[in-house]
Amino acid sequence: MDRKGLFVIKQRDLFLFDKGVLKMIIDELTSKNGHLMIDGVDSVELVKEYGTPLYVFDISKVRNQIKKFRSAFEKEHLNYQISYASKAFAVKAIYQVMKQENVHVDVVSGGELYTALAAGFPSDKISFHGNNKSLMELQMAVKNHVGVIMLDNFHEIELLQQVLKESQETIQVMLRLTPGISAHTHKYDQTGQTDSKFGFDVKSGQAKKALKLVLDNPQMKLLGYHAHIGSQIFGTEGFKMLAQKMIEISKDFQSEFNYWPQVINLGGGFGISYNEDDDPITASDFISVIGQELKQDCKEVPEIWIEPGRSIVGPAGYTLYKIGSRKDIPGLESYVSVDGGMGDNIRPALYQAKYEAVVANKMNQTDVETVHISGKYCESGDILIKHQKLPQTEVGDVLAVLDTGAYGYSMAMNYNRNPRPAVVFVEKGQAKLVVKRETYEDLIKLDGNY
Ligand SMILES: Cc1ncc(COP(=O)(O)O)c(C=O)c1O
Ligand SMILES: N[C@@H](CCCC[NH3+])C(=O)O
């Protein structure tokens with residue numbers, strides 16, 4: 001299969017079609033003049049209007065993924081809640097999409113909380129995470145009546161006690177547990193192993209001690225337990241072990257404290273396919289595994305919450321760049337540079353993350369070479385993609401890097417004083433600018449003189 005066919009396969013939902021239908025879909029995805037179409041919008045036109053680099057989100061894909069999670073839970077007859085992990089992509093417009101989709105969100109900082117509230121997102125559907133929430137952040141959360149505070153450590157319990165005493169409020173909390181499960185993923189993306197900065201360790205008795213403190217505090221209403229084993233996880237095994245472990249812990253704690261959780265939150269971490277080597281599980285794969293464990297082992301099945309970030313917004317995101325300079329090294333590699341790089345996508349440099357790209361204005365041309373796609377930042381490590389197959393390219397072509405919706409804009413930075421790109425949402429043939437491109441003026445806005 002050629003790269004264009006592969007690109008279509010990457011749209012995953014299209015798997016089940018026969019060849020004829022597949023061809024029609026390929027034609028639909030690429031317009032007559034060979035341009036990459038994103039939910040009915042010509043990506044090359046977007047570049048003309050908004051410039052590059054440009055993040056584009058296909059909002060139909062976002063909504064579709066939420067629907068898949070919903071129907072997987074409903075198929076298992078589980079009570080559930082989907083809480084979008086907004087660290088993956090946290091701008092006002094995406095919180096508004098989440099509000100329209102009637103899901104919860106989780107935030108991990110005062111800044112994310114502020115953005116969600118400014119977007120009009122209902123505070124009672126917000127869970128507040130973080131391993132070092134400040135007094136100010138906890139005050140902000142209590143004052144705005146967030147739905148749940150995910151308690152992470154003893155210092156935080158003390159701070160929250162203080163805030164609740166002063167404000168005379170009560171608040172729902174959950175205990176974040178470290179279940180002692182190592183997920184098979186990049187070590188920076190593991191969070192559930194015992195040696196982790198997150199949560200109360202179960203093995204050493206920290207979790208029990210925290211549980212007692214919370215149960216003894218009438219201003220904290222304990223909703224249940226939370227655990228998150230990591231991010232970009234492919235198999236169902238880790239989630240199965242997590243479900244088993246959470247039931248085991250709940251039963252153990254029940255015998256001592258006569259407390260059974262109303263909710264068990266199993267975190268996020270569901271992997272997506274960035275390239276052809278990645279083989280992620282589907283929503284229904286892991287939800288059915290979790291469902292089986294719970295139904296066979298619990299008399300009273302708790303409500304299950306999940307916190308997907310990457311799997312909701314990742315595949316919906318495209319980053320569009322213009323191709324600029326090129327360096328061919330005889331007998332070695334060729335480097336094709338784009339007008340962005342590690343400032344808008346730090347993941348290849350930070351986690352050796354792999355992506356794939358297409359030339360958005362040459363979708364109907366066949367690949368003729370393999371090159372490295374380099375960014376414009378002053379770092380040798382600023383290589384967005386290694387060994388990318390491409391058709392013949394020239395200066396001004398539009399390169400679209402696929403699946404960049406998660407942890408792209410949210411981890412973007414101004415290194416080398418490059419302004420951060422704009423963000424456009426597209427849906428059913430319509431495009432809307434939802435975050436403006438930073439200007440040079442913006443870059444010096446906070447600078448003083450000396
Ligand atoms: C507590 C928690 N929940 C949810 C997520 C979302 O993970 P992902 O984007 O991989 O679904 C993370 C990030 O790893 C997290 O730390
Ligand atoms: N930033 C990570 C995932 C976040 C993990 C959050 N606990 C990534 O881009 O893969």
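Placed from the backbone N, Cα and C atoms, the Cβ positions cover glycine too.
Just so you know, TrEMBL annotations are computer predictions that nobody has curated.
Copied over from TrEMBL, here are the features:
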type	residues	note
ACT_SITE	Cys378	active site, proton donor
BINDING	Gly269, Glu307, Pro308, Gly309, Arg310, Tyr407	pyridoxal 5'-phosphate binding site
BINDING	Arg310, Arg347, Tyr351, Glu379, Tyr407	substrate binding site
DOMAIN	61-313	domain 'Orn/DAP/Arg decarboxylase 2 N-terminal'
MOD_RES	Lys87	N6-(pyridoxal phosphate)lysine
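Features per TrEMBL, on structure.
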residue: Lys87; record: N6-(pyridoxal phosphate)lysine; DSSP class: helix
residue: Gly269; record: pyridoxal 5'-phosphate binding site; DSSP class: coil
residue: Glu307; record: pyridoxal 5'-phosphate binding site; DSSP class: coil
residue: Arg347; record: substrate binding site; DSSP class: helix
residue: Cys378; record: active site, proton donor; DSSP class: coil
Of Pro308, Gly309, Arg347, Tyr351, Tyr407, binding-site residues neighbouring ligand 1, Cβ under 6 A: Pro308, Gly309
Of Glu307, Arg347, Cys378, Tyr407, recorded positions neighbouring ligand 2, Cβ under 6 A: Arg347, Tyr407
Minimum Cα separation from Gly309 (pyridoxal 5'-phosphate binding site), reported as the residue among recorded positions Lys87, Arg347, Tyr351, Cys378, Glu379 that achieves it: Lys87
Of the recorded positions listed as Lys87, Glu307, Pro308, Arg347, Tyr351, the one whose CA lies nearest the CA of Cys378 (active site, proton donor): Arg347
The residue listed as 'N6-(pyridoxal phosphate)lysine' versus Glu307 (pyridoxal 5'-phosphate binding site) - Cα distance in angstrom: 11
By Cα-Cα distance, the member of recorded positions Lys87, Arg347, Tyr351, Glu379 nearest Arg310 (pyridoxal 5'-phosphate binding site): Lys87
Subset of binding-site residues (Gly269, Arg347, Glu379, Tyr407) lying within 10 A of Lys87 (N6-(pyridoxal phosphate)lysine), CA to CA, in sequence order: Tyr407
For Arg347 (substrate binding site), the one of Gly269, Pro308, Tyr407 that lies nearest, given that the binding-site residues are compared by Cα: Tyr407
From Gly269, Pro308, Tyr407, the binding-site residues whose CA lies within 10 Å of that of Tyr351 (substrate binding site): none
Least buried by Cβ count (within 10 Å) of the binding-site residues Tyr351, Tyr407: Tyr351
Max CA-CA distance, Å, over listed substrate-binding residues Arg310, Arg347, Tyr351, Glu379, Tyr407: 27
Cα-nearest neighbour of Glu379 (substrate binding site) within the listed binding-site residues, Gly269, Pro308, Tyr407: Tyr407
